[in-house]
Each structure stands twice: as structure tokens, then as C-alpha cells.
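Here's what TrEMBL has on this protein:
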- ARG60, TYR195, LYS201, ARG323: substrate binding site (BINDING)
- LYS201, HIS221, ASP258: Mn(2+) binding site (BINDING)
- LYS201, HIS221, GLY237, LEU238, SER239, GLY240, THR241, GLY242, LYS243, THR244, THR245, GLU287, ARG323, THR448: ATP binding site (BINDING)
Amino acid sequence: MDTSTPITKTISLNEYGIKNEHIHYQLSSEQLHDLTIEMDMGKEASSGTLAVNTGEFTGRSPMDRFIVKDSITEEKIWWGDINIPFETEKFDKLYDKVIAYLNEKELFVRDCYACADAAYKLNIRVINEYPWSNMFAYNMFLRPTEDELAAFSPEWTVINAPGFIADAQLDGTRQHNFAILNFSRKIALIGGTGYTGEIKKGIFSALNFILPVFKNTLPMHCSANVGEAGDTAIFFGLSGTGKTTLSTDPNRKLIGDDEHGWTADNTVFNFEGGCYAKVINLSKEQEPEIYGAIKKGAILENVIMNADGDVDFGDTSITQNTRVSYPIHHIDNIQQPSIGKNVKNIFFLTADAFGVLPPISKLTPAQAAYHFISGYTAKVAGTEAGVVEPQPSFSACFGAPFMPLHPTKYAEMLSNKMQESGVDVWLINTGWTGGPYGVGTRMKLKYTRAMISAALSGELGLYNYDKYHIHSVFGVAQPRECPGVPTSVLSPRATWNNDEAYYKTAFKLTNAFRENFKKFEAHASEEIRRGGPQRYAF
Ligand code: ATP
Ligand code: MN
């Protein structure tokens with residue numbers, strides 16, 4: 001775990017075709033921090049944190065993510081806009097080009113692994129062009145002990161060359177940047193983008209294929225934590241819905257904030273060794289644990305600082321997607337190793353910018369399957385060019401861009417697990433209340449946290465109709481009361497003060513749900529189809 005002892009082992013990259021004298025192997029976090037500043041690629045914030053700019057890309061580029069179509073993947077992958085095929089020959093050529101590009105460069109190499117459960121451990125070698133990207137790998141993947149390192153044999157390799165520019169015509173890419181997975185060669189090849197998230201999501205996507213296909217384990221885009229009684233809770237949700245924020249809870253031990261596997265033995269393990277939090281509008285008062293994790297060892301991305309190195313978390317002039325990565329031990333209350341047992345509650349987080357979904361509701365198993373397959377959240381103005389009013393956004397399994405198999409594969413596995421473990425499933429709207437985006441306001445974090453604790457502690461009571469109201473449009477069970485939350489907040493319609501506008505907007509959303517679900521209808525049972533909204537506009 002501790003890399004303060006300098007690593008004396010040297011390695012050769014000959015097996016990758018890389019001939020290079022300038023290899024920095026397994027540098028410590030401090031060394032990488034210092035080198036980044038020396039090389040003028042980053043600055044130190046007043047908190048001691050390294051701050052970098054990731055360059056042209058400040059987010060992932062889903063349209064430039066490919067999977068090599070070969071004998072392993074051909075029959076199994078759900079090919080389409082999300083999993084875009086890439087030819088083996090083209091990959092091999094592009095690989096050689098990237099290697100030739102890296103040959104002349106100083107390189108940063110790190111051996112690490114994914115999956116906190118030893119039975120699933122995936123050894124990874126990360127080869128970076130830049131020191132800060134290598135520090136990101138230190139923060140986000142699991143850190144081998146010295147003994148583990150001595151015997152280390154890499155299984156997957158991430159090759160990360162942000163400065164390499166592809167020629168789309170020649171190389172078969174869409175444009176100059178790419179992230180390509182090759183399951184036969186076990187390589188994630190990333191070029192033309194410095195966005196660090198591509199590194200972690202590359203391995204995540206690989207595991208999302210490997211675990212269900214070969215290890216009978218459900219991979220999930222979710223965060224997880226464990227309570228004092230040893231009960232595990234998992235939180236699914238698309239980007240910005242609150243996975244990292246809500247799993248970082250002083251009263252529960254953090255297992256992980258983004259990527260987990262649910263095994264056949266009913267345990268949940270983290271794939272990663274760190275967290276990657278959004279820092280837009282971050283405040284010490286609202287999110288003290290994450291705020292406190294931003295110190296030496298962490299890496300801030302694309303934030304604006306003043307001359308004293310104080311970060312302005314409200315400044316989105318580079319991007320809305322400002323981030324910080326830190327090793328998980330920057331959070332005080334963590335589960336070690338990052339494995340939980342006894343899953344009791346599942347939360348589906350959605351940031352409903354229409355402001356029509358209840359802030360908390362309980363789902364039946366059929367509703368849970370329906371909402372998992374739908375994966376609804378909303379996009380609000382500003383996050384993407386051209387988005388001026390809220391737009392529904394559906395991403396199957398709350399993580400379609402990272403899921404190589406057909407969504408119903410993961411949904412089936414989840415349904416089985418839900419049945420076996422008898423979990424309670426809750427739909428949480430962390431989005432708008434009192435009206436849609438532009439009229440209403442974002443749900444208070446304090447209230448969302450209170451609703452989640454009430455669900456976790458059992459205070460929301462047994463599932464009976466006296467304590468719940470069945471929503472007339474969505475069909476979900478909405479609690480009438482919740483400790484720590486004003487009763488009026490629990491009913492979205494009541495917060496609008498305009499029934500007509502509320503129902504009109506609610507129908508707009510249910511129609512979007514129906515439209516989206518069409519492509520899954522053939523795969524879904526009658527029961528699951530009935531788990532959807534109850535009323536639509538005609
Ligand atoms: P990603 O998959 O991109 O990592 P995420 O699901 O982890 O996304 P968070 O990083 O937790 O998302 O982002 C949630 C953001 O919304 C934070 O900036 C948080 O401060 C803000 N927020 C505001 N109100 C709420 C609320 N009621 N519940 C949760 N988050 C809220
Ligand atoms: Mn997150």
C-alpha cells in the first residue's frame with residue numbers, strides 16, 4: 001500500500017514493442033506530484049492538492065469508444081452505437097503507431113490491480129505518457145503490496161497516450177481521439193484524450209464483460225456502503241445523480257463510489273481503490289468528507305484557482321465536470337478491504353429535472369426491473385451544447401456506455417439477486433422539486449440524506465398501504481411521512497402548486513419512458529412491462 005519506499009525494480013517494455021530508456025516505474029504519489037509540477041503540467045493548490053488541466057477533453061467521449069470484434073467478442077457483445085466494433089487489423093496497426101509514438105517519450109509505468117476481492121483480482125499495467133495520469137492510476141486502482149509487486153504479472157495493459165493524434169481516415173477512428181478495448185490482446189488503448197476518466201472506465205468496461213461472462217458475477221455502475229449492523233446498501237445512478245455524494249456518509253463505511261461486483265456468494269466488492277468526485281459547487285458544510293479528501297495526494301481536474309492557490313468550486317469556465325480523484329483512504333470511514341455482505345437496500349438515483357418523480361418511493365420487483373432497464377435521469381441546460389431545457393436521458397442499467405453485453409443480461413442477473421437477497425429497492429429523485437429545472441430548485445441534499453437514512457434504518461416502515469400512497473402516474477409507492485423531511489416535500493405534485501402543469505409534465509416524462517422502453521419490450525416479461533408508469537398522455 002505504501003509507496004513511500006522507493007521501488008528499485010526496473011522493468012522493460014520490450015514485450016509491448018516499446019524500446020525506451022526513460023521509464024519511471026512505480027513512482028510514489030509524491031514523486032509524481034512533484035514531477036508534474038516540475039514539468040509544468042500542474043500546480044499545487046493551497047490545500048496541497050495537485051491541480052491539472054486535462055486538455056481538450058474534460059469528459060469521456062462515448063462516440064470514440066470501440067471494442068475490437070474478434071472471436072471472443074463477436075457473438076457476445078451488444079454491438080451498436082454504444083459498443084462500436086473495431087477491426088483487429090486496424091487495431092494492430094494503430095497499436096504499432098501509438099507504440100512508435102511512445103518510443104521516444106519519457107514514460108510512467110505502474111503496476112496495480114482492480115477488484116478488492118482476491119478471487120476476482122485483475123492485475124493491470126498502466127503505461128502513461130504523463131506523470132499526472134499515472135498518479136491518477138495510483139489513486140484509482142488498487143495498490144499492490146511490496147510482496148505482491150515482486151511477484152507481479154500483468155494481465156491487462158492500459159496504454160494511455162493523450163498526445164497521440166489519430167488520423168481518422170487512415171486509422172479507422174471517428175476523429176483524432178479514441179479509447180479501444182481489445183479482449184484478445186487484453187489491452188485498453190487510449191489516445192488523443194487526456195481525460196483521466198477514460199483510464200478507469202476502460203478497465204470498468206472490460207470487467208463488465210469478463211465478470212458476467214466468465215465469473216458469474218454482476219458488475220454494477222454503483223456506489224456502496226455498509227452500516228453498523230453490517231448491512232450493505234448500493235446506489236445506482238448515472239453521472240451527477242449522487243453516487244459519490246450519497247455513499248460518502250459519516251455514519252456508514254464507504255465500500256466504493258462507482259464500480260462494484262455482486263458475487264454468487266452474495267458479497268459486493270469494489271473494483272477500485274479510490275474515488276473520483278465531482279467538485280462543482282462543492283462546499284465544506286454540505287460535503288465535509290469529500291472536501292476533506294482534497295489534500296496532498298489528490299488530483300483536482302479542470303478547476304480554477306486564484307493566485308494563492310485557492311480553488312473556486314463555483315467556477316465552471318473550463319467545464320461543469322470539474323473533478324477530484326483521491327485514494328479511498330482519504331475518507332475516514334471506510335470498509336477495509338472494500339467488500340460488503342448482506343445487501344439490504346438498493347437505491348436507484350435519478351436527477352429528474354422535470355421535477356415530477358417523488359423524492360423517494362419504494363419499488364416492487366417488477367418496477368425495479370423496469371427502472372433498471374430504463375436507467376432514467378435528465379440532462380439540464382448547460383451540461384451539453386444545445387441543451388436548453390431538461391431532456392430525458394435513458395441509459396440502460398444506469399451505465400449503458402460501459403456495458404458490453406445486452407442490458408437484459410445484467411437486468412436478469414440483478415432480478416435474480418434481488419429475489420435471493422430479498423432487498424428493498426428505492427427510487428430516489430435527487431433532482432428538482434417545486435417545478436422543473438428553471439422554475440423549481442434542486443432537492444436539498446439534507447433531505448435526500450434524511451430519506452436515505454430513514455429507508456436504511458427501517459423508519460419508513462413496512463410496506464403497507466397505510467403508510468404509502470401509490471402515485472397515480474408512476475405507480476410507485478410514495479411514503480406519506482419521513483423523519484427529517486417536511487411532509488410537503490414528499491409529494492412532488494404538492495410542491496408544484498399547479499396540478500395541471502404538474503400532470504402535463506409528468507405525462508411528458510411517462511411518454512418518454514414508453515418510447516425508450518420499446519426497444520426492450522420484446523425481451524421483457526409482461527410483469528416487467530407493467531412495472532412502468534401507469535398513465536401516459538395520448
Ligand atoms: P459520476 O458517475 O459522474 O461519478 P455521481 O453519481 O457520483 O456521478 P456525484 O459526484 O455524487 O454523482 O454528483 C452529485 C452532484 O449533485 C454533487 O455535485 C452534489 O453536490 C450535487 N447535489 C445537489 N443536490 C443533491 C442531492 N439532493 N442529492 C445528491 N446530490 C446532490
Ligand atoms: Mn461518482
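Cβ from N, Cα, C; glycine included.
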Of the binding-site residues ARG60, TYR195, LYS201, HIS221, ASP258, ARG323, within 10 Å of GLY237 (ATP binding site) (CA to CA), in sequence order, we find HIS221, ASP258
What remains of the binding-site residues ARG60, THR241, LYS243, THR245, ASP258 after requiring a CB under 6 angstroms from ligand 2 is LYS243, ASP258
Among the binding-site residues TYR195, HIS221, THR241, LYS243, ARG323, the ones with a Cβ under 6 Å from any atom of ligand 1 are THR241, LYS243
Taking only the CA atoms, the spacing between ARG323 (substrate binding site) and THR245 (ATP binding site), expressed in whole angstrom, is 13
Around the Cβ of THR241 (ATP binding site), other Cβ atoms within 10 Å, all chains included, total 25
Same-chain neighbours of the Mn(2+) site, Cβ within 8 Å of the mean position of the Cβ atoms of LYS201, HIS221, ASP258 and not counting those residues, run in sequence order as LYS200, PHE204, GLU259, GLY399, PHE402
Cβ neighbour count within 10 Å, max among the binding-site residues SER239, THR245, goes to THR245
Rounding to whole Å, the Cα atoms of THR245 (ATP binding site) and ASP258 (Mn(2+) binding site) are apart by 11
